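Student: Please find one structure pasted underneath; my questions will follow.
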Amino acid sequence: MGNRTDEDYNFVFKVVLIGESGVGKTNLLSRFTRNEFSHDSRTTIGVEFSTRTVMLGTAAVKAQIWDTAGLERYRAITSAYYRGAVGALLVFDLTKHQTYAVVERWLKELYDHAEATIVVMLVGNKSDLSQAREVPTEEACMFAENNGLLFLETSALDSTNVELAFQTVLKEIFAKVSKQKQNSTRTSAITLGNAQAGQDPGPGEKRACCISL
């Protein structure tokens, strides 16, 4: 998957980062979009997003990655944050089990506000701190499988699997968009919701993908 300028693209995919404060969402965002990492743990209050345009086959896709930037501390995330999102990374800190214990609540909130067809990846961040691990890979992988989520462990610090996590989500979104585009001749608008929202997914629509590298 190559890079393109942000001015030249065929699709825009909104992807949201959710999870408890301090799990590394902002650094995952900056690592993917700017290849940067900040050791400063101060929390920025507000909603922010960054973009990066990538190639999926012959299509240029502008990934618009949204970060809660601390609002999760105050339960202040609104439905507007989720509106229009076609992908989500649900992030927990694999060295703090309490951040994993609440992923089910985050998942419920996501599904309460987003389209039913949204692509979701569970992300166990801070894999570089393996000796401090509190969440076994197998446990998180099983949760992902049981809930039809993708799953990866990442390290925003040393870049492990960060690129793969975002690429995998974007490819899953693109596959759904392409399928919907082929099945629809009535409109040129591309979303993952509309007629599909609220319906039970068909065979193969929700599939888990536990990736261990």
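All residue numbers here begin at 1 and follow the chain in the order shown.
Even glycines carry a Cβ here, placed using N, Cα and C.
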Student: In Swiss-Prot, which of 67-84, 121-138, 193-210 is tagged motif 'Switch 2'?
Tutor: 67-84
Student: Motif 'Switch 1' per Swiss-Prot: which of the ranges 20-34, 35-49 is that?
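Tutor: That would be 35-49, the stretch labelled motif 'Switch 1' in Swiss-Prot.
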Student: Give the distance between the Cα atoms of S21 (GTP binding site) and D67 (Mg(2+) binding site), rounded to the nearest whole Å.
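Tutor: Checking the Cα atoms of S21 (GTP binding site) and D67 (Mg(2+) binding site) gives a distance of 11 Å.
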Student: By a simple count, how many Cβ atoms lie within 10 Å of the Cβ of D67 (Mg(2+) binding site), its own Cβ left out?
Tutor: 22
Student: Rounded to a whole angstrom, what is the C-alpha distance between L157 (GTP binding site) and T26 (Mg(2+) binding site)?
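Tutor: Checking the Cα atoms of L157 (GTP binding site) and T26 (Mg(2+) binding site) gives a distance of 11 Å.
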Student: Calculate the distance in Å between the alpha carbons (Cα) of N125 (GTP binding site) and T26 (Mg(2+) binding site), and round it to a whole number.
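Tutor: For N125 (GTP binding site) versus T26 (Mg(2+) binding site), the Cα atoms are 11 Å apart.
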Student: Nearest to D67 (Mg(2+) binding site) in three-dimensional space, by Cα, is which of the binding-site residues K25, H39, D128?
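Tutor: Result: the closest of the binding-site residues to D67 (Mg(2+) binding site) is K25.
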